[in-house]
Every structure is written in C-alpha cells, then in structure tokens.
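Quick look at what TrEMBL annotates:
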{"type": "BINDING", "residues": "Ala29, Val30, Asn34, Ser258, Asn290", "note": "Na(+) binding site"}
{"type": "TRANSMEM", "residues": "21-38", "note": "transmembrane segment"}
{"type": "TRANSMEM", "residues": "50-68", "note": "transmembrane segment"}
{"type": "TRANSMEM", "residues": "89-110", "note": "transmembrane segment"}
{"type": "TRANSMEM", "residues": "175-192", "note": "transmembrane segment"}
{"type": "TRANSMEM", "residues": "204-228", "note": "transmembrane segment"}
{"type": "TRANSMEM", "residues": "248-272", "note": "transmembrane segment"}
{"type": "TRANSMEM", "residues": "284-305", "note": "transmembrane segment"}
{"type": "TRANSMEM", "residues": "395-412", "note": "transmembrane segment"}
Amino acid sequence: GPGRSHEGKCARPNWDSPMQFTMACVSYAVGLGNVWRFPYLCQMHGGGGFLIPYLLMLFLEGMPLFYLELAIGQKMRLGSIGAWTTISPYLGGVGLAGMVTSLYLCLYYNNINGWSFWYLFHSFQAVLPWSTCPLSANRTEPLEECRLATPTQYFFYRKTLNVAPSIEYNGGVHMGQALCLLLAWLMTYLFISNGVKSTGKVVYFTATFPYIVLSIYLIRGLTLHGAINGIVYMFTPKMEQLLNPTTWINAATQIFFSLGLGFGSLIAFASYNQYHNNFQQQAIIVTLINSFTSIFASVVTFAIYGFKATVNYENCLDRLRLLLMNTFSLEENLITQENVLEWVQKLNSSFPLEFAQIANKAENCDLDTELSTAVEGTGLAFIVYSEAITNMPLSQLWSVLYFFMLLIAGHGQHVGQR
C-alpha cells in the first residue's frame, strides 16, 4: 500500500516509489492519441516532415507545461481545484474547467472501451464476423448494404453502432453495447476503488502492456507483404507542408492532447508525491517516452497501412487484368500484375472504340492513392486495422491482441482522468 506522509492525521497518501509515479504518468499520457491520431497527422502533414514542428512543440510547450503541472501538484499536495484556488481564489475556475473536461473525456474513453470489449468478444470466433458480408434473406447473395461498403465498415456501423439515419430517429438501446459499456465502467471502478493503492498497482500493467503488443505487431508488420511501402511513405518528408499553418497548429494540439495537459490529472497525480521528489527528471522522461511512443506506434501503423494498401492495389490490378482478358479475349498468361497497366495503355491506343465501352469499369489502380487515404480515430482503429487483421494468418490471435491493447491503453488514460 502507499506510504503516509507525516504532516498530520489527515496526511495525503503517497506513491510507493518514484517509479510508480513515473509509470502512472506514462500510463496516463501514452494512449489512444499515440496509436491513432499521431499516425493520421503524419499522413496528413508531410510524413517525416511533421516531426519537425512536433518535436519543436514538445520542447517549447510540452515539457514546460508538463513540468509546471507536476510542480503545482507536488508543492500544493492538493487536487486540481484546490491547487488553483490556493494559488488564487480567482483561479479556482481553471481547476473546475479541467474537471469538467476530464468528465467529458471519461465518457468518451469509456465508450471506446465498450467498443473494444465488443470487438474483443467477437474475436473468439472461427471466422471473424467483419471478414465477410452476411447473406441476404434469400441466402443467395451478400446483403446489399454490406456489398456497397466493405465487411469491416458494415460490422462497425451496422452491427457495432447500429447507426440511425438521422438524430430524430430513435433506434432503441443496443443491449450488447450497453452491457459492454457497463463492463467498461465496472473495470474502471476496480482500477480506482482504493485510490492510489489500487491505481499504483494497475499502472505497471497498463503502462507496459501496450508496448509489448506494439512490439509484437511491429515484428509481424515488418514481415507482411508491402509493409515497406507504408514505412517509406511515412518517412518521406513533404517539406512544403511546413509552410501550412495548420501543420503547426495540429502539432501543438497533438502535444496537448497526447500529454494530457490542462485536464488537472497531472496535478492530482503529483500531489501524491513525496515533497522533495525529483519531478523535473520525471517530466523529461515521461514527455520523451510519450513522443517516442507516438513515432513507434506510427511505424507499426504505417507497416499495417502498407500491407493493406498493397493488398488493395494488387486486388485492383487483378480485377483490371480479368476485365481486359474477358473483353479482348486475351490469353491468361499474357497479362500479369506487373504489366497490366502497360496493357491498358496499349489496348487503349490500339482499340479506342472497344476500350471506351469498358472505360467506366476500368479502375484507376494507384498505390500512392491507397497509401494517402487518411483515416483517423475510430476509423483507423476499428475499420482499417480490422481489415488488415482479416488478411493475416491466425487473424483471431492478432485481433485479440490488438483489441485487448486498445482496451488497456484506453483504461490507462481513463483512470488518469478519474
């Protein structure tokens, strides 16, 4: 259990050790923002070039503000509202605003945790339910709604969320999701029921487990066909994006979002420290670990991106190849994936009238277009990753690992917001 300071009978409990506090900060700071928002921003704002404004903002705002919040909490030994009120009664509203923001974020994170439970439970099946479309009522063809989208999109929007056509439509309670949400809140209660005593033990697991899974995924990702295409795309900088003010704004907001600045949680965490704890060193360590994790998770994500984009690109080439062979009665071994685009140009110039008849069916297959399709947030976590997992051998194993990691990362951040 936590030690007790000797500053009176109502003394505040302490973390068992500086390491326990560091792990709590890592668990709080490292989470869903690293896994799904940072890779999206890299993709949107020039790949490796985005690291320049990101790292500048880390040293200009991230480290100083992280240090400031730890200093306030450790000095005042109070929660966010109490600490700001002690500094000045007029600043009590700052702590209150942070608490309200944390409340909203807790509601958001636990919804995500409920979805993670839903996907985790559905991973224990012989065939992953988002890998194929369900059959229509006549049992002869896939459902039209699923066929017009993809199996992963159908499972997320119809089976998981059961989205309504408009906000005026009441779709009723999704009982499966309601039970998963209840389970997520129960898990949260168990994590924080005894304050620092229970949270301090949990953070060792919530801080380290995502790294174990990401490392496993990195090894697996690098062995996937086409993974190198995604990694090359990530680290190829588009320096012209540095002239875009939105790039710098997103780098700054990502630092705030990822480190959890302004929510009051860091002040509360630091208030359980020993008075003379070296929080300066801890602030530097945690902020650097957080940024390293963002880059590390991006390499994993872009390896998966590269695999998925390559599979989609090659499937597109196969469909185009089949279309050309059927239309122009060509031999099967004449057109391959490697030369199909050359055959498109050749046939278009030699038989313009015949080619014009299939022009609307001939897809424009381009690997860069597949790689540049930016997806963030739930779309990345529950659609892109799910689709990539279905193409892997032993897909159930990778699905269980991934969604359990999301669950732990989400709860690690959520517990910090309590």
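Backbone N, Cα and C atoms are what each Cβ position is placed from, and that goes for glycine too.
TrEMBL annotations: computationally assigned, not manually curated.
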Ask   = Near the transmembrane segment (204-228), which residues from the same chain, at least 6 beyond its ends, have a CB less than 8 A from one of its CBs?
value = 20, 23-24, 26-27, 30, 35, 293, 296-297, 299-300, 303-304, 306-307, 309-311, 313, 392, 398, 401-402, 404-405, 408-409, 411-412, 415
Ask   = With pairs closer than 6 in sequence left out, are the transmembrane segment (284-305) and the transmembrane segment (89-110) joined by 3 or more CB pairs under 8 Å?
value = no
Query = Is the number of Cβ-Cβ pairs under 8 Å between the transmembrane segment (248-272) and the transmembrane segment (284-305) three or more, considering only pairs separated by 6 or more positions?
reply = yes
Request  = For the transmembrane segment (395-412), could you work out the same-chain residues 6 or more beyond its ends whose Cβ comes under 8 Å from its Cβ atoms?
outcome  = 27-28, 30-32, 35, 109-110, 112-113, 116-117, 119-120, 123-126, 128, 131, 184, 187-188, 191, 203, 205-207, 209-210, 213-214, 216-217, 220, 381, 385-386, 389
Task = List, in sequence order, the residues of the same chain other than Ala29, Val30, Asn34, Ser258, Asn290 whose Cβ lies within 8 Å of the centroid of the Cβ atoms of the recorded Na(+) site.
result = Val26, Gly31, Gly33, Leu259, Gly260, Ile289, Ser291, Thr293, Ser294
Other CB atoms, at most 10 A from the CB of Ser258 (Na(+) binding site) = 25
